[in-house]
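Novice: Attaching a single structure in structure tokens format; questions to follow.
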Amino acid sequence: MNSKDIRTQFLTFFEGKKHKIVPSAPMVIKDDPTLLFTNAGMNQFKEFFLGINEPKNTRVVDTQKCLRVSGKHNDLEEVGKDTYHHTMFEMLGNWSFGDYFKEEAITWAWELLTEVFKMDKDSLYVSVFEGSQDDDRLEKDAEAYAIWNKIVPANRIIMGNKRDNFWEMGDQGPCGPCSEIHVDLRSDEEKKKVSGASLVNKDHPLVVEIWNLVFMQYNRKADGSLEPLPAKHVDTGMGFERLCMALQGKKSNYDTDVFTPLIREIEIITDAKYGRDEPTDIAIRVIADHIRAVSFSIADGQLPSNTGAGYVIRRILRRAVRYGFTFLGTKEHFMYRLVNVLTQSMGEAFPELSEQKQLIENVIKEEEHSFLKTLDQGLVLLDTIIEKTKGKTVDGRKAFELYDTYGFPIDLTALILSERGFSLDEDGFNVAMQEQKTRSKTASETSKGDWENLQSDAEQEFVGYDRLEADVKIVKYRKLESKKQGLQYQIVFNLTPFYAEGGGQVGDKGYLESPDGDVVYIVDTKRENNEIVHFAKNLPKKLEGTFKAVVDSKQRQRTEANHTATHLLHQALREILGTHVEQKGSAVHSKYLRFDFSHFSKMTKEELEAVESFVNARITGQLPLEEQRNVPIKEALENGAMALFGEKYGDAVRTIRFGKSIELCGGTHVKNTSDIWHFKIKSEGAVAAGIRRIEAITSDAVKDFYAESNKSLTEITEALGNPQDAVKAVKSLQDENSDLRKQIAALLKDKAKNLKGDLQSELQEKNGVRYLIKKLDLDAAGIKDLSFEMGQNQSDLFLLFATEQDGKALLSCYISKELVASKNLNAGTIVRELGKYIQGGGGGQPFFATAGGKNPAGIPDAMEKALEYLG
Ligand code: ATP
Ligand code: MG
């Protein structure tokens, strides 16, 4: 069965059991401060498990794009070395939100594997939680055991410990025992020798876990204690690639049709052969795996960058490039050439890939290119480190610097060192690494208290589209403590006019006022598990009763102007540049807006002007906001609403419309475009290959901007002596300046000529060499001209000139070609050695070389030393 059919069969099997098929959530998570990437199918359903929101369907099935490269689940270092862990993989899952529990979850899983997929029952093992004395006296999962024991013999049920068979969402929150299903893919002969049961959970590549059935029945509190959940849930996750391996009779995920097209393409591009030797195989697996992770992330809108999620992606791509570089001999970018094959095999199930293929290729190509440059520079730096190393062990801190500042991979450093007969002080490296980790960890660590509930957790209402003030009650609050922010409180109201950060728009600020005038400032508003959470530095003195919640209207109005302008800008770009323009990120603040979009060249001045006019025409056109709430997503899309890649949309959405274009958007907007007053682009530039960024301002900020520019212009005019036309005055100053430069250059040349005559007479002689060592008042070009002119038609000349300019020293050495050979002199070596005296370095050719340095005081010493070269 091919992988496409396997995926479909899984989904339709559970559809037949009344599950609703839902799409994968984006792999890149944009609005959860605790998680950068989806690492399990359950992430997108967290709010249902926490009881914050009610699901529409209590039974759901899906395949979820997951990435396990950071945080709690980090498989990165395993990937490629083994044959069954990936960075990015698909997790097939069926879900019960307070609906069915262990009985159905277990029997259906067994039915699917053995009856639909016809897996051999004798190759399967299952595990059940054995209980834990240390942890709140957790009991063994007797219920699951009894259900399993009806369908599998006892010798195939393995009792598992807390590490393998108890699942927790984090330090706090829903948790419960789980049952895993393992498959033994070894030959019959092997099976006879060693029992499969003894290999379960022992990292054997052919006895692997394929499915995990989690039964959520407890809630873990901040103090570590457990309480039963009011509604129990099922969360299952099956590795799609591992399932394909088992069903296609393969011994490695990479031998399934999920990976073979990629591997074949890598073989063609690199001329390597898969299956010949282990290092090559690992490299090929790393590349086949990583191209998926990187491409899917870019499709979800996450570009490689220097921080956060972007940095993780950059590191994955670099890991692949480095494996290619070291083991397959790829010296040029090549990864981007795999995107085509990837799109062919996965583009149907995940259309975001095919639709953005070109962008993905461009971004990867550019990123590879710049990393290969880094590698080149790193190799040069590593040379210098080796040169300076006394003994045979290279300082670990130096290697760390190379890794940390220049992104030069440590294993490559180690490899090169061993090739050159050096070793790396690994302890020193690890210490430096640990120190840095501790530094960044303590800076970002937050500790959270338990939620204190004042009222039952009824569903919260957002009223901020219509009002900036509301009477609210506090539902719950908790304490947060972090080095960075200090002590803070998170407060949840029953209803709120505060907009929570999201869709690029910043969270509202404002205040909370009690009936007796006690005021608490709200410094930020964010969404956590789909709940609007307000941040404050302190709590109201009395927590009960009704409060007035008031949003800072000035900030909100400015932010709204920028948000609506962002939509108009998006329309303008698609109209003027073309429909290849896709939004790739936006930041809507009160002071400015930033918009990233796909487009392949720098925008011209005319295009920028056209975009500004387009937006400003719609502002003066006074377009009213037409808003529709709770529209079924299907209907919205049919009406032509524009959805964004990598965004997660619910079943019911909000659409907004100014003029022709309809967009899906949860943000807040002006009621009429005339409220924006004016739109002005401040900059346009590149963020990555094929991605441009526009920064712009609106309303008051434009007024301030013009006032500021006007002030500068007045100052410039005054400085110029108040001419009629300031631009003309600056132009004529520039012309004058360039004339003067030319004159100076001509004068210097003359000076050098005259000097030549004078200096000829100063030449001295030593050991058959006519020489001159002298400090001159000329610039570098002048000294060079002078040296070559003096040297013309001479065969026995040695010139060493020094000069001092702007606090810097320059040495220049000229040697007649004949002397280079006969006296074994080398100007390059000489300036490099003399460079020490002026704290600098340089080089050049044997007959002419220069060195620059920052210590002019060393010139006399350098000159004295120079004479020694003449014997
Ligand atoms: P393992 O012990 O093999 O790393 P796990 O316990 O981390 O697995 P779960 O977190 O229970 O796995 O995830 C559910 C399923 O997802 C697993 O049964 C497995 O089939 C699959 N899976 C987990 N991690 C990976 C990965 N890195 N690559 C591919 N599939 C994976
Ligand atoms: Mg794991």
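Every residue number used here counts from 1 along the chain in the order it is shown.
Cβ from N, Cα, C; glycine included.
TrEMBL entries are annotated by machine, without manual review.
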Novice: What range among 46-81, 154-189, 514-549, 730-765 does TrEMBL describe as coiled coil?
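Specialist: Checked against TrEMBL: coiled coil maps to 730-765.
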Novice: Using DSSP and collapsing to three states, where does H563 (Zn(2+) binding site) fall: helix, strand or coil?
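Specialist: In three-state terms, H563 (Zn(2+) binding site) counts as helix.
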Novice: How many neighbouring Cβ atoms, not counting its own, are there within 10 Å of the Cβ of H669 (Zn(2+) binding site)?
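Specialist: Within a 10 Å radius of the Cβ of H669 (Zn(2+) binding site) lie 24 other Cβ atoms.
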Novice: Check the domain 'Alanyl-transfer RNA synthetases family profile' (1-708) for me and report the mean pLDDT.
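Specialist: Mean per-residue confidence for the domain 'Alanyl-transfer RNA synthetases family profile' (1-708): 93 out of 100.
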Novice: Starting from the Zn(2+) site formed by H563, H567, C665, H669, give every other residue of that chain whose CB sits within 8 Å of the mean position of their CB atoms, in sequence order.
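Specialist: Result: E560, T564, T566, I656, E663, G667, T668.
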Novice: How many neighbouring Cβ atoms, not counting its own, are there within 10 Å of the Cβ of H563 (Zn(2+) binding site)?
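Specialist: I count 26 other Cβ atoms within 10 Å of it.
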Novice: Please report the number of other Cβ atoms within 10 Å of the Cβ of H567 (Zn(2+) binding site).
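Specialist: A count of 26.
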